[in-house]
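A quick write-up on the structure given underneath.
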Amino acid sequence: MLELVEALNFWFWFGLGFLLLAAEVFGTGGYFLWVGIAAIVVGVIKWLVPEFSWQWQLLVFAILSVVTALGWWRFLKVNPQSTEQPLLNQRGQQHVGRITTLVDAVSSGRGRVRLDDSYWQVSGEEMPAGTQVKVVGIDNLVLKVERVST
């Protein structure tokens with residue numbers, strides 16, 4: 001086993017680095033990117049300094065990986081990523097504030113509305129079908145509604 005570790009060459013580090021960069025495509029939030037770059041940097045050092053021992057290689061790789069990952073984490077904390085559609089994958093939350101008509105009466109606390117191309121279960125006070133309601137919240141996949149005052 002020690003022979004394998006002692007035989008680490010720059011090709012190993014380049015391979016590991018590019019493998020980690022390829023893994024970043026699957027969405028690790030940037031962490032594999034920086035660890036992959038750390039591996040490539042160690043590979044470049046090993047290529048330029050062939051007598052660079054395996055102990056130093058692993059130490060430099062570990063330090064670079066931790067420093068770059070912590071740096072990336074700090075960068076994301078200081079500069080939070082925002083989007084034009086923060087509720088894109090929260091379909092129920094997108095409907096909060098909308099006004100619609102009950103398709104099925106709210107009976108025993110449950111009813112149904114149609115929003116866009118989907119039917120949604122709703123909860124709220126007793127109301128007949130055809131009542132105008134406003135979506136005021138969501139609980140799991142059940143929209144909370146209130147009667148719209150006219």
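Backbone N, Cα and C define each Cβ position, glycine as well.
As recorded in TrEMBL, the features of this protein are as follows:
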type	residues	note
DOMAIN	94-147	domain 'NfeD-like C-terminal'
TRANSMEM	7-25	transmembrane segment
TRANSMEM	31-49	transmembrane segment
TRANSMEM	56-75	transmembrane segment
- Note on the structure: Helix, strand and coil residue totals from DSSP for the domain 'NfeD-like C-terminal' (94-147) stand at 1 helix, 36 strand, 17 coil
- Please work out the mean pLDDT for the residues of the domain 'NfeD-like C-terminal' (94-147). 90
